[in-house]
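Step one of this worksheet: look at the structure below.
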Amino acid sequence: MPSSASDHIIPIASPSRFHFQCPFSGKAMKASSIVSFGALAATAGALELVARDDGSPRVVGFPIERKSIQDRVEHDNQRLSRRSKTLDLQLDNQLSLYTINITVGTPEQNVMVDIDTGSSDLWFNTPKSRLCQNRADPCSEMGTYTANSSSSYNYVSGIFNITYSGGNGASGDYATDNIKIGGQTINNLQFGIGYHSSSQENILGIGYKSNEAAVAHGNTQPYDNLPAKMVSDGLINSNAYSIWLDDLNATTGRLLFGGVDQAHYLGSLVTLPILQEDNMYAEFFVQMTGIDWNGSSVTDDNSTLSVLLDSGTSLMYLPDDMVEVLYSSVDASYDNSQGIALVDCNMAATNKNLTLHFGSSLKIDVPVSELVLDTMSSDQDSTDGSSHSQVSACLFGVAPAGDSPAVLGDTFMRSAYVVFDLDNNEISMAQSNFNAGNKEIIMEIGTGKGSVQSAATASPTSTQTASTGTSNSDNGNGAAGLSVPSWTGLGLSLGLVVMGFLSGTQLL
């Protein structure tokens with residue numbers, strides 16, 4: 001990376017146990033659907049990548065440092081029930097959530113925020129909230145924001161209100177202040193202040209403006225959230241960004257606002273249209289046309305599935321009938337009461353893939369090693385340093401969606417390089433280049449249709465909306481339809497492993 005671009009790289013620490021999917025009931029989190037099959041024909045000419053002759057690309061990026069989540073399933077349950085101008089920022093990988101360190105206000109207040117493609121508001125906890133004043137000091141790790149301590153703070157309104165399933169959420173004020181991120185200062189950025197909060201996490205939502213909390217509640221017109229404000233301030237050319245999480249064993253990944261790093265993917269990017277919901281673009285749904293396990297299909301050849309790409313979800317959530325076929329193929333044991341599937345940890349060493357198809361021109365191979373997850377946290381790793389050591393049962397990274405939408409979370413996104421183009425309502429993907437090292441080929445994302453060049457364009461010829469439903473063979477019983485196989489072969493240590501795994505941090 002050119003020197004001026006590298007000045008924008010900042011380290012990130014990623015402590016997240018909170019899963020934030022659709023922050024508003026009803027709207028964004030609809031059940032994913034199987035719709036009539038339509039071939040996705042690839043054509044050339046999408047996603048224009050610009051090599052600037054007048055200097056380095058304008059990019060802001062975040063390195064990712066990985067930290068473990070104590071209970072990935074509880075984390076996802078909290079989320080899934082609700083719903084050359086480039087900024088180069090490094091993220092910290094928590095096995096599911098990715099965070100960056102930013103500063104807010106004058107003088108600067110240090111705060112850590114979780115990056116979330118499934119929401120659209122930036123919001124902070126405040127030290128005066130009942131949650132943060134708890135004796136356990138749950139907000140200390142992420143940090144808090146004190147409005148009255150900043151001379152550049154300005155009150156906007158008192159209508160900030162994000163609601164999560166199970167009663168989790170935050171409410172308080174909208175305000176503006178100066179934010180410093182990736183070496184760049186964004187003046188007068190609007191965000192929420194959680195004077196009443198049930199999560200210790202600060203959230204940086206980078207989704208569509210139409211998915212902002214106040215807009216979803218019908219209270220106001222959209223405002224410029226962080227990606228849109230970067231465009232209006234001239235920091236990046238296009239409201240677009242790319243995410244590279246690297247593999248499960250990596251300690252770093254990258255988020256690039258306004259740019260693409262060609263060193264981090266293999267082959268060419270393929271562009272998919274984002275699907276509308278209720279005649280509007282609100283979340284990152286695309287059409288998937290099939291899934292194979294080690295070369296054998298687990299889907300109906302005559303159907304496609306609307307899937308949500310979401311960096312804030314730890315696992316993949318697929319229709320129950322697909323999951324049953326997949327569990328049978330991998331000899332997974334599913335515990336319906338806990339909502340988890342376990343497999344022999346030794347399966348991680350096998351040379352098998354879960355392949356997801358998006359039309360005829362794009363497939364993403366997810367190695368089984370990316371799907372076999374330790375049930376222990378990183379600070380409980382074995383003394384010999386080996387992955388899965390002395391653990392006979394591991395968590396499998398695919399779970400049944402039940403009545404909720406199909407979601408491709410981090411167990412998929414680690415294997416894909418994903419470009420979110422909000423201006424053109426497109427997502428471009430390619431196979432991730434694991435462990436690319438320090439090599440960088442950063443290109444600026446241009447403006448206008450086809451702003452991500454060097455990508456084939458896949459256009460559905462049938463349904464182009466994210467609609468409600470599950471797979472054609474779904475019996476409507478959700479996850480309850482999955483039987484619980486015996487624990488044969490998984491070892492007597494399973495009970496202790498699962499007990500330790502499920503006793504992770506409890507949300508306040």
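Don't overthink the numbers, they just go from 1 along the chain as shown.
Glycine is no exception: its Cβ is also placed from the backbone N, Cα and C atoms.
Now, the feature entries from TrEMBL:
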DOMAIN    98-430  domain 'Peptidase A1'
ACT_SITE  ASP116  active site
ACT_SITE  ASP310  active site
REGION    452-477  region 'Disordered'
COMPBIAS  454-473  compositional bias 'Low complexity'
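Within 10 Å of the C-beta of ASP116 (active site) we count 29 further C-beta atoms, all protein chains included. Under the three-state DSSP scheme, ASP310 (active site) falls in the coil class. Across the domain 'Peptidase A1' (98-430), the model assigns an average pLDDT of 90. ASP116 (active site) and ASP310 (active site) are 8 Å apart (CA-CA, integer value). Over all protein chains present, the Cβ of ASP310 (active site) has 31 other Cβ atoms lying within 10 Å.
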